[in-house]
Amino acid sequence: MLQLLLAVFIGGGTGSVARWMLSMRFNPLHQAIPIGTLTANLLGAFIIGMGFAWFNRMTHIDPMWKVLITTGFCGGLTTFSTFSAEVVFLLQEGRFGWALLNVLINLLGSFAMTALAFWLFSAAAAR
């Protein structure tokens, strides 16, 4: 149990630092759509889709790796709270179209990335 807790801790810390770095680097690129947050959410969705496809196929892999990558890293990398706050800020500024676009891109994009990664890695593992 301690090993699993440490895996979540290390993965979560690493994912959080990665999200912060993406936000610092890419959020200033667009005034209405926080590109860093979007990138973190889409990348996390892709990684978790890939991870679930991989771990479903490779049942012999230590469960510690699954929680390190999915619960830890992806949990730290992706962020619903920051995304929600950024949408609220856009709404407060009266930028309703940008707020709606941000919601649609994050939600639909995340679903699409998870499905794409799961499909790609399931197909690759089947070969």
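Just so you know, the numbers here start at 1 and follow the chain as drawn.
Glycine too: its Cβ is placed from the backbone N, Cα and C atoms.
Copied from Swiss-Prot, the annotated features are:
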{"type": "BINDING", "residues": "Gly75, Thr78", "note": "Na(+) binding site"}
{"type": "TRANSMEM", "residues": "4-24", "note": "transmembrane segment"}
{"type": "TRANSMEM", "residues": "35-55", "note": "transmembrane segment"}
{"type": "TRANSMEM", "residues": "71-91", "note": "transmembrane segment"}
{"type": "TRANSMEM", "residues": "103-123", "note": "transmembrane segment"}
Original post:
Taking a Cβ cut-off under 8 Å, which residues six or more beyond the ends of the transmembrane segment (71-91) line up next to it in the same chain?
Top reply: 7-19, 23, 32, 34, 37, 40-41, 43-45, 47-48, 51, 98-99, 102-103, 106, 110
Subject >> Tertiary contacts of the transmembrane segment (4-24) (same chain, 6+ residues out, Cβ under 8 Å) >> reply: 34, 36-37, 39-40, 43-44, 63-65, 67-69, 71-79, 82
**OP:** Quick one: give me the count of other CB atoms within 10 A of the CB of Thr78 (Na(+) binding site).
**Re:** 22
Original post:
So for Gly75 (Na(+) binding site), how many other CB atoms are inside 10 Å of its CB?
Top reply: 18
